[in-house]
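First comes the structure, then the notes that go with it.
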Amino acid sequence: MSAQISLTLLPSARCLFDEPVQVKVAGLRSKQLVTLRARSTDEKGVVFNSSASYRADGRGDIDLNRDASLSGSYVGVEPMGLLRSLKADTSHKYFYKSKTLEPFMVNFSVHEEEEGGMLAEATNERRLMGDGVMRVPVEVGNSQGVLFTPPEGPFPAVLDLGTFMSEKRASLLANKGFIVLAFPVFNDPKLERINLDDFEEAVKFLQNQPKVSSKGVGIISRSKGADIALSLAAFVPGVEAVVWINGCSANVGIPLYYKDRQILSPLMFDFTKVIPSESGANIIKHAVENPLAEENKGSIVPIERAGSHFLFVASEDDLNWDSKGYLDDMVARLKRHQKKNFEIVMYPAAGHLLEPPYGPHCPSALHGMLRFPVMWGGEPQAHAAAELHLWKKIQDFLRTHLSCNPAQSKSKL
């Protein structure tokens, strides 16, 4: 490495996961062509890499906030492009990062053109938990979750429903001033039924936290978690606001029970409608049965009976299922019932896996339930822009609708 050449991360090499950094290189020759690289290893030991070619200005400087990549993992001006485009050497790999006590470590380096030697490097420590946030594993009903509590307070309460257990989104939301319980839909993928009572226990658990300011609880959810969130809003008291991201309007896959009786039948898959792709991943978007067909109407979640506020978010390039179609169905149904308790956000070129910003884009990966690779969709740059926009929208929506009125409603069933 050259002592005169530096790679700097601003404002600091240490930041939160959902914060941008400015990557700058100084000390190069005027107009020198170099390759910038990023490298990180996920919690399963899979190595992800990205690279982009840049030409220094007349002073020998490169600024990723200003300068365009000429070739590589992306082209054009994209300040966080090296993070967004991190990719494993093998196909269909999702970057696993859920251990909130360990930061997301990314090594940035600048190299002589092509396979030349390294000129400078710096490591970005991207933390999931802010200073003072408490992480406490908890047992709620028949499941285990993790509670994140910011310092001081009081704060609004949010239930983060993941299809499987993940702490990333919950911890990042807690950094913004919410008490968040990360809670999985599935502890056992072989479940024969889902009990809504377990999630009602999670709602009550949050309401009883001493630092909670809101009368009701917010829910953030995606995919299978999203139809559980709708069901909570429809059947369980205390749900004030729901963020539904790329979910279904019906109860998918497994019968839903509440108070020991089935309340929603399962909307099933027709695997003859799975479309294989050249990459080896499958498009399952059209394999879900039509919830509006007469024989499937018992699976539709009756959100028209909910008093909650809804934020419906759909990606139009979601290849997992027809999120936009389900959103349109729900909006039409609410309008027929003279309901105005919803907002919609649609992202034309985003895919299924909308997550907090600045993580690696995942176009395809092993499906957690179906156990074969599936296409998630999304044009990478547009998907990253959608994640950035949505992250702020979610926070604004939850703050607006999680009020501090102590009144409680009675059971809806």
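Positions of Cβ are set from backbone N, Cα and C atoms, glycine also.
Here TrEMBL flags 195-403 as domain 'BAAT/Acyl-CoA thioester hydrolase C-terminal'.
Counting every protein chain shown, 25 other Cβ atoms lie within 10 Å of the Cβ of Ser223 (active site, charge relay system). Per TrEMBL, the feature active site, charge relay system maps to Ser223 (among others).
Counting only residues at least six positions away in the same chain, the Cβ atoms of Asn246, Lys285, Lys324, Ala350, Gly351, His352, Trp376, Gly377 sit under 8 Å from the Cβ of Asp318 (active site, charge relay system). Residues or ranges marked as active site, charge relay system by TrEMBL: Asp318 (among others).
Residues annotated as active site, charge relay system in TrEMBL: His352 (among others).
Within the model, the domain 'BAAT/Acyl-CoA thioester hydrolase C-terminal' (195-403) carries an average pLDDT of 96.
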